[in-house]
Amino acid sequence: MEVLQEGLFSWTAVYMAVTFPAFLMVLNFILGDCFLNEGFAQNQYAGSGTGKGYYWRLERILILFVFGLFVWQYYTYMFQARKDYVEFCNPPVYLWQYFVWVVWGKGSFSYGLLWDCSLGDICFLVLWSLHVILYFSCVTSAPQVGKKTSNSSFCRKCRAYVEGMDHHCFVIGNCVGSKNRRLFLCLLAVCALNMGFLLLMRGAWAYAVGGVFLLLGLLLVIGVTVVSSCLLLFQFCLLRKDKTTLLFLKEKRQLHQGFWRTLCDLIR
């Protein structure tokens, strides 16, 4: 009986009680028709989540994975790499200390520590916040239109017509069209800046400390920096020629040229 009471009233039981509903919500987001999926579908003129197949579910998994990477990035920069001064300029720590002080009357917190920030901390918080906001905005944006127009193309993955369609982006689980192309370009620019800043500020530290997860994270940051920078340059070249990715690929097929030859013609 005592063992049962200890199990029911332990912190492990509390953590399980908190995380289990969250796990069910995540599962419903991937497999079911939760209110978020229904909201996306109505806003983007698509059908409900049922019947969209494995590709749609993979996109939902990737969206959750990307948000998990945002959390991992914040934890690594603001906690793991700042062990000696975690309480400084760290809003989650301040909120947790304030919560403990209000609810249980334990511990202490200093309002001044929240604003005791170095220039690097401020730059990271600004870039990280912008990155999260822009990514969320791209995921929830609606480049789709309710019916076919002269400038729209049908996307089989979105199951809707997209105004001025550029391409369907698997990472954001959404199409890029004339309505959200500027937003997508801002996302690429901030992504490249954020990853470049991480390499500059924490790249040498991650390599020196080592560890499987840190080194994997370092490789991921390098890869994302290169890919986002190349995509941003590619999009600027398309804008300079007033083209879209679909038109670029169509010209490649019509001219019977290789990808690199067509790309060189685009850059000129």
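Positions of Cβ are set from backbone N, Cα and C atoms, glycine also.
Please treat TrEMBL annotations as automatic predictions, because they have not gone through curation.
As written in TrEMBL, here are the features:
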- 12-36: transmembrane segment (TRANSMEM)
- 57-75: transmembrane segment (TRANSMEM)
- 113-138: transmembrane segment (TRANSMEM)
- 148-250: domain 'Palmitoyltransferase DHHC' (DOMAIN)
- 183-201: transmembrane segment (TRANSMEM)
- 207-234: transmembrane segment (TRANSMEM)
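Long-range contacts of the transmembrane segment (183-201) within its own chain (CB-CB distance under 8 A, at least 6 residues past either end) are made by residues 73, 77, 120, 123-124, 127-128, 130-131, 134-135, 137-138, 141, 166, 169, 172, 176, 221-222, 224-225, 228-229, 231-232, 235-236.
Per-residue pLDDT, averaged along the domain 'Palmitoyltransferase DHHC' (148-250), amounts to 90 for this model.
Tertiary proximity for the transmembrane segment (113-138) is limited to same-chain residues at least six positions away from its ends with a CB under 8 Å from its CB atoms, namely 66-67, 70, 73-74, 77-78, 87-91, 94, 169, 172, 174, 180, 183-184, 186-187, 190-191, 193-194, 197-198, 201. Secondary structure of the domain 'Palmitoyltransferase DHHC' (148-250), assigned with DSSP and counted as helix (H, G, I), strand (E, B) and coil, comes to 64 helix, 14 strand, 25 coil. Packing against the transmembrane segment (207-234) from elsewhere in the chain are residues 69, 72-73, 76, 185, 188-189, 191-192, 195-196, 198-199, 263: each is 6 or more residues past its ends and has a CB under 8 Å from a CB in it.
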